[in-house]
Amino acid sequence: MIMITDSLAVVLQRRDWENPGVTQLNRLAAHPPFASWRNSEEARTDRPSQQLRSLNGEWRFAWFPAPEAVPESWLECDLPEADTVVVPSNWQMHGYDAPIYTNVTYPITVNPPFVPAENPTGCYSLTFNIDESWLQEGQTRIIFDGVNSAFHLWCNGRWVGYGQDSRLPSEFDLSAFLRAGKNRLAVMVLRWSDGSYLEDQDMWRMSGIFRDVSLLHKPSTQISDFHVATHFNDDFSRAVLEAEVQMYGELRDELRVTVSLWQGETQVASGTAPFGGEIIDERGGYADRVTLRLNVENPALWSAEIPNLYRAVVELHTDDGTLIEAEACDVGFREVRIENGLLLLNGKPLLIRGVNRHEHHPLHGQVMDEQTMVQDILLMKQNNFNAVRCSHYPNHPLWYTLCDRFGLYVVDEANIETHGMVPMNRLTDDPRWLPAMSERVTRMVQRDRNHPSVIIWSLGNESGHGANHDALYRWIKSVDPSRPVQYEGGGADTTATDIICPMYARVDEDQPFPAVPKWSIKKWLSLPGETRPLILCEYAHAMGNSLGGFAKYWQAFRQYPRLQGGFVWDWVDQSLIKYDENGNPWSAYGGDFGDTPNDRQFCMNGLVFADRTPHPALTEAKHQQQFFQFRLSGQTIEVTSEYLFRHSDNELLHWSVALDGKPLASGEMPLDVAPQDKQLIELPELPQPESAGQLWLTVHVVQPNATAWSEAGHISAWQQWRLAENLSVTLPAAPHAIPQLTTSETDFCIELGNKRWQFNRQSGFLSQMWIGAEKQLLTPLRDQFTRAPLDNDIGVSEATRIDPNAWVERWKAAGHYQAEAALLQCTADTLADAVLITTAHAWQHQGKTLFISRKTYRIDGSGQMAITVDVEVASDTPHPARIGLTCQLAQVAERVNWLGLGPQENYPDRLTAACFDRWDLPLSDMYTPYVFPSENGLRCGTRELNYGPHQWRGDFQFNISRYSQQQLMETSHRHLLHAEEGTWLNIDGFHMGIGGDDSWSPSVSAEFQLSAGSYHYQLVWCQK
C-alpha cells in the first residue's frame, strides 16, 4: 500500500491528476463483480448478499471552482455551505457548474497532461455506521463503479487512495481506516484530469460520482479472481467449462475450491480441487491459482436468439466442507471465432443487427438505473436488434448481466478516445501514455470477460493508430484468445483489429481520404490480401430526420456473406431537460447551458428520443433487420428464416388482401420454419376485385404469446406486394351544372353552387376558395421548392463554420429560399363543361431564373379542380429539395385520413417499412417532434387525402401540420414552436431523399436526388 500524508495540501501539491504515469494509488486489482456470499444457495439463486451494502443515497456536497479552494477542514467535518445531493448523480444536473457538449474539440485547452487551473471540484462526504462484525475479521472494501474524472478518497480524515478512468470501478481496502460506530468518507472529485485527454467522446462532459457506491466485506482468505470459459467439440454436442480461480490471503493446505454448474434447479456438473496451478514454465506454476474443468453433455447453447444460461458457483472452503465464501456468475455456453473470413457464433455466421448506445438519461445525465437499461434492451429486441456496441466506454456492470439474460451481443469498448488530438494518435503512439491506456483495456477485460454476451473487445474509438494499440491488442489476444478484437482507428483495417470495422463507409462510393481512405464496403472486401469480415462499427447516422438509404446497406449485407452488418449511430438522443421561467420542461442541446465550445444539436443522433419514444426511422431499421424474409411467386409465399438457432415456435403468419385499403380477404397460419430454412405457404385463390384500385397483399408475422422482451401480439416482420389490378375505365360523367367564370381587372372568379375559386391575375395564384361564406385559404396556393433544413442538409455542427458543399448552403447560395415568382401567364378559358385557368411562373433570384412552373386548373361541373403541374429546373441550379405546392388552410380539423404509405413518417429513401393502406390519425400525430425543428412528417405514395371538408386525389406526397416550413426553419428548439392559424399543407409531386450515410457530407444517393430537369405531376382537389 502506498502511504502519503493525510494532508490535503500534500495531495494538492502532488497533482496526481496531471501525471499520466499515475492512474491510481492503492486501487485494488480488477476482477469480475463480487458479492462474497456466505451461503452457496444464495449465490446460486443470485439473492442479495448480506456482505454487499449500497452507499447510494444522500451525500453532503460542496462545489469549488478549483481543488486549491477546498479548505483543509473539510477532511474532518462537513462545510457549512455543503448541500445534499443524491449519489449516483452528475453534479451538473443539480445546478453546479454546466454540462458541456462537444464532439471532437476538447472542452479544455489542449496541453496534455496538464489541465486548467480552474478545475471544478466536488467535495462529497458521507457518514455511515459499520457492522461491528466486519471490523473483527476480514477485509472491507469500498467500490466506486464510476467517478468522473478523477478522485482522492479519505476515510475518517485519513487518505486512502486515488483513482481515475471514469467508466471502470475503483476499489479500495478500507479495513485499516474503519472504526466502530460512525465513519466518515470524504471524496474529492476533479472535473478535469490527464485522463480527460483519453475521454474525448462525442457526448456531454459531466462530472461526479455517477455510478453506484458500495461496501463489500470479504473474508481474510478470499477468492480474488475467477474466470470462466467454454470449449466444445466439433459439433457442439460436448462442452467443457473451464474455471480458473485465484485466491488471496493465507495459503493453507486445507483450502479447496469447488465449482458447481447449475441449470435452473439441476446441478449439471461439479468439481473440487486444492490450490496449485498448472506448470507454466521451468519455475513451475501459480500456487494461489487452480483450474477446474467440468464436462457437459449436450449443452444448451447461448445466443442472442436463445439466451440459455447456466449458473456457476465458485466456493472457497476447507477440506472438511466449511464454506469461507462463494462467488457466482451466469454462464453461457457459446463459441466465438473468425474462420474463412466470417465471424462465427457456435459455428454459424452472424449478421450483426447492431446499434451504438451512450449511457444517457434526459433527467439524470449519465446515470443509468435498471429500469432504463431494461427499457433500452426491450426496445432493441422488439425492433430486431441483436447487438449493441458500448460506445465508447465500458458500461454499468449491470448492463452486461441484462444483455446475457435477455440476449444481445455486446462489443465492449475501452474508455479511450483522443479525437481532438492532432494527429489523433499523438497520445496513443506515445509510450508515456501506455500505462493509462493499459489500465483502461486490461481492467475492462478482467471485469467483463465472464459475460457470454461480450463477443468482441474494442480498443477504443477515434484515437488514430499507435504503438500502444498494437501492444494492447497483443495483450488481449494472449489473455483472452476466445474473442476477436476490433478497432477502427487508423483506417479500420490495421494490424490491431481482427475485423474490418469502418465507420460511415458507403455501400458503393469510395471516400479516398489522405492516409486513411474509406473504401466502399463492397470494394473493401476485395482489396488484395484482405480476408477479414467487415462489420461497420458505425453507420447510418440517425441524426434528426435521417436513415435514408438504410435499405441499401441491408441489401449488401444479405448479398455478400463477409459483409456481416454493423452498428447504427446511435440509440438515444442526448438531449437534457431544462426548465423555463414557468417551470415547464424543455429539451436542451449543446450551447443551451452557456457551454463553450459546443457542437449544438449534434448530440441528438438517436433512433429514439431521450425519453425513449421512437423516432419514425426506428421502424425502418426494424423492417430491414427483420429475421424473416419473404418472396411472392404466384399464390405461394416463400418465408426464409434468418434465425441461426431458433426454430419458429411462437409465430403466426397473418395475410390480408385489400383494395384501396378496403379488406377483401384474410387468413392466418402458424409458421413452422427451422433456422436458416424456408417454408412455402400456399394462399387460397385470392378474390378478384370488381372495381379498379390498388390491390395489395400484406403479410405480418405475429407472436401470439408474450416473451421475455415482447407482449402478446407483437409484430416482428411484415411485407407488402402490389398485385395485378383491373383496368380503370372512366365512365362519362353525369351531367352537372357548368361552373361560371367572372373576370375582373384583378381576379378570375369561378362559381359553382355554393363553391367559389378566386385566382389573382397579378400573382397568378389560387388566392381564395369559399364553401358558402367560409373562406378556405389563409395563404395562396404556391409552388414550393425548399424544405426546412434537415441536419443532413446542414452538414456541420459547429456554429462558427459553414460548409459550402452542404445542401442547405447550396440552396441558399443559389437563391432557392429567396426566390420570388415572376408571372409569365395567367389566362382563363370557358370549356363546354369546365373552366380552365392556365398559369406560368418563373421563380427567380437576383434576375436569374431557377424554376419555371406551368399549371392548369380545370374546374368542372362536379366541383373538382384538376391541377396539372409542369416544372423545369435550371440546369445550373442545385437539385431542389422538393417540387410541390403549399398553402395555409383555414380549417383545423382533428384528424387526417389518407390512402397511401404509413402510418409513420416516410420519405422516398426511407419507406420500405411503410405500408399502403387507409390511415386515420390525429393531426398532432402528423408532426414529428424532432428537438431541432426541421422538415418532417412526409407521407409518400398517397392516392387520396382527406382533411376537413377537402379531398385531394392523385399520386403525391404530403405533410400537414400547424407549423409552416418557414417557422420550422427559423426555430432552434421544438418547445419554441407555436401553432399557427389554420393548417399548413404541403403536397409534393417529388421530394428529395433525406440521406443518412452520415450527417456531415451530402449523402442522398443519386437516385433520390431531383436531377431530371423537368417534372410533371397532377392531382385533383375537391370537397367531400
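Just so you know, glycine gets a Cβ as well, placed from its N, Cα and C.
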From candidates D194, D200, D202, Swiss-Prot puts in the same Na(+) site as F602, N605 the residue D202
Substrate binding in Swiss-Prot involves D202, E462, E538, Y539, A540, H541, N605, W1000; of N103, N308, N705, N897, the partner in that site is N103
Taking the centre of the Cβ atoms of E417, H419, E462 as the Mg(2+) 1 site, the remaining residues of that chain with Cβ inside 8 Å are V104, D200, Q201, D202, H392, T418, G420, M424, G460, N461, S463, G489
With F602 (Na(+) binding site) as reference and a Cα-Cα limit of 10 Å, the qualifying recorded positions from N103, H392, E538, Y539 are N103
When the active-site residues E462, E538 are compared by other Cβ atoms within 10 Å, fewest goes to E462
Binding-site residues H419, Y539, N605 vs H358 (site 'Transition state stabilizer'), shortest C-alpha separation belongs to N605
Least Cβ-packed of the binding-site residues N103, N598, N605 (other Cβ atoms within 10 Å) is N103
Between the recorded positions H358, H419, the one whose Cβ has the fewest other Cβ atoms within 10 Å is H419
DSSP, reduced to three states, assigns D202 (Na(+) binding site) to coil
Near E417 (Mg(2+) 1 binding site) (Cα-Cα within 10 Å), the recorded positions in question, chosen from N103, D202, H392, E462, E538, are D202, H392, E462
